[in-house]
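Chemist: Straight out of Swiss-Prot:
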{"type": "COMPBIAS", "residues": "17-33", "note": "compositional bias 'Basic and acidic residues'"}
{"type": "DOMAIN", "residues": "28-96", "note": "domain 'GRAM'"}
{"type": "DOMAIN", "residues": "162-537", "note": "domain 'Myotubularin phosphatase'"}
{"type": "ACT_SITE", "residues": "Cys374", "note": "active site, phosphocysteine intermediate"}
{"type": "COMPBIAS", "residues": "584-602", "note": "compositional bias 'Low complexity'"}
Amino acid sequence: MATSSTPKYNSNSLENSVRRSPGDGINHEQNDEISRLPGETLITDKEVIYMCPFYGPVKGRIYVTNYKLYFKGEEMEPLITFAVPLGVIARIEKMGGASSRGENSYGLDITCKDMRNLRFALKQEVHSRKQIFEDLTKYAFPLSHGLLFFAFQNEEKFPENGWAVYDAMTEFRRQGLPNDQWRITFINRNYELCDTYPPLLVVPYSASEEDLKRVAAFRSRNRIPVLSWLHPENQSAIMRCSQPLVGMSGKRNKDDERYLDIIRETNGQTSKLTIYDARPNVNAVANKATGGGYENEDAYPNAELVFLDIHNIHVMRESLKKLKDIVYPNVEESHWLSSLESTHWLEHIKLVLTGAIQVADKVASGKSSVVVHCSDGWDRTAQLTSLAMLMLDSYYRTIVGFEVLVQKEWISFGHKFSSRIGHGDKNHADADRSPIFLQFIDCVWQMSKQFPTAFEFNEHFLITILDHLYSCRFGTFLYNCETIRDKEKVREKTPSLWSLISSEKSKYTNPFYTKELNRVLYPVASMRHLELWVNYYIRWNPRIRQQQPNPVEQRYMELLALRDDYVRRLEELQISNSPKINRSTTSPSSPSQMMPQVQTPF
């Protein structure tokens with residue numbers, strides 16, 4: 001077994017897709033040391049043959065730490081190396097047996113959550129893979145083995161505390177809350193009303209605490225309609241909640257009906273409240289059999305119900321699986337378009353974007369308050385509210401604003417990250433797993449392609465978020481809700497992903513960004529305008545990867561750096577000449593008009 005002494009830490013430690021050569025998707029490295037994070041220790045290592053789908057068998061050694069699997073090749077110049085955070089691993093299987101015949105038929109198959117698979121062949125000796133298999137399984141699935149996530153062992157230090165990015169009260173004040181129509185309630189401060197909601201909620205001013213409790217009894221998981229966003233001018237609101245507990249008998253709840261009417265009355269602009277049910281109509285009807293359902297317009301006469309036809313988590317999971325099958329390891333050029341169409345992935349992206357556009361347009365142009373829900377209000381609901389808010393509010397299109405949006409609409413409102421991603425859990429076939437958050441980020445990327453100057457962050461920012469959605473290096477996406485995060489003391493014991501991003505902000509900044517206040521974005525959601533996100537889904541294929549870095553973006557960055565250098569030198573020149581200017585203006589023999597004003601052309 002390898003020793004656990006730690007080499008000197010490199011802040012640019014290899015992880016996922018760092019330090020690639022320009023020409024392919026494999027990392028090439030000459031350094032003999034394995035870079036490790038503070039708190040990362042080496043567990044074991046083993047000679048293997050990496051069955052590379054692009055270059056064939058590569059002899060080398062894999063190193064397993066408490067955070068990542070690291071492969072370092074031999075016999076090639078330059079060396080092929082890559083690292084996979086253990087949290088990215090979905091499944092580890094043994095390949096072949098002691099009696100297997102054929103070259104490289106004995107080893108390990110590793111399925112990853114980030115669109116790639118790995119295969120390692122080992123020497124066909126007695127128990128030659130036993131130790132490496134057990135160590136990999138133990139540290140890749142810590143919850144299944146009674147261990148802590150690496151985030152709790154991570155000793156990285158950052159200049160800024162990313163946990164301070166989002167403060168609910170600060171965000172409420174930014175939106176002009178509370179006001180004469182809306183109040184902040186502390187009814188959930190101990191998670192007593194709803195254990196998957198945040199402690200602070202915004203509700204209509206005229207709704208009492210008792211009203212909220214009675215409404216909670218009629219909403220799935222007690223997830224009552226609460227405010228997500230308030231339009232600064234027309235005071236239309238985006239509300240989020242779960243489905244009503246109507247059931248097969250078509251139950252009614254006068255408190256819930258009155259509560260939704262109060263929401264309608266808060267803006268006074270329209271006579272109707274629009275309820276967006278993210279589900280297909282048939283699914284919403286089927287939910288009545290399990291006690292759920294939807295708002296009957298007879299019971300809610302001042303509301304309009306619209307179904308958005310977005311499919312459930314199981315359909316999305318199968319769609320991503322089909323997409324992975326066609327993009328890794330090889331792309332079949334002759335049937336590419338038909339194969340992509342058969343996955344229905346872009347169709348699902350279209351439906352999510354279309355739904356969010358409807359929500360945003362109803363609020364901005366229709367000046368109507370809206371209520372958004374799906375079944376439990378933590379999957380499709382989060383997609384719709386956060387995308388609509390991104391379209392409506394330019395603040396969320398900044399780096400910090402987007403972090404606030406994710407913390408608020410996804411993390412604090414109980415999107416089940418642990419269940420959907422399967423953090424630390426070996427049960428790869430769990431039916432709760434689904435790429436809901438990935439779909440959201442994909443939709444954001446689609447918007448950034450259509451509005452290249454509207455977002456302060458770049459593509460690398462979005463990919464970094466997705467990489468650490470799986471990595472378990474940070475506490476940001478761990479667990480299903482704030483109740484559990486508070487219990488596990490995540491904020492106190494783990495670093496935040498936003499700390500990393502704030503420490504290297506220039507890496508994640510879009511050089512084409514132009515700040516525009518009060519601009520509403522309406523992306524085109526037709527199939528002709530949507531693209532497969534090649535730089536994410538096919539980034540592991542060296543033959544498909546697009547040129548990195550983008551030459552236009554690279555040149556623009558160089559020009560910006562040149563401009564900044566000119567501005568700096570100009571400021572230094574002005575400072576150094578300042579005493580001379582002051583003396584000349586007080587001297588009768590040196591009129592001030594003889595000294596020209598120094599200005600920058602930028």
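Backbone N, Cα and C define each Cβ position, glycine as well.
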Chemist: Mind checking how the domain 'GRAM' (28-96) divides into helix, strand and coil residues in DSSP?
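Modeler: With helix first, then strand, then coil, the domain 'GRAM' (28-96) has 3 helix, 43 strand, 23 coil.
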Chemist: I want to check the contact list for the residue listed as 'active site, phosphocysteine intermediate': same chain, sequence separation of six or more, C-beta distance under 8 angstroms. What comes out?
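Modeler: Looking at Cβ-Cβ distances below 8 Å from the residue listed as 'active site, phosphocysteine intermediate', excluding near sequence neighbours, one finds Ser242, Gln243, Asp277, Ala278, Arg279, Ile310, Arg380, Thr381.
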Chemist: DSSP secondary structure for Cys374 (active site, phosphocysteine intermediate), reduced to helix/strand/coil, please.
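Modeler: Looking at the DSSP assignment, Cys374 (active site, phosphocysteine intermediate) belongs to neither helix nor strand, so coil.
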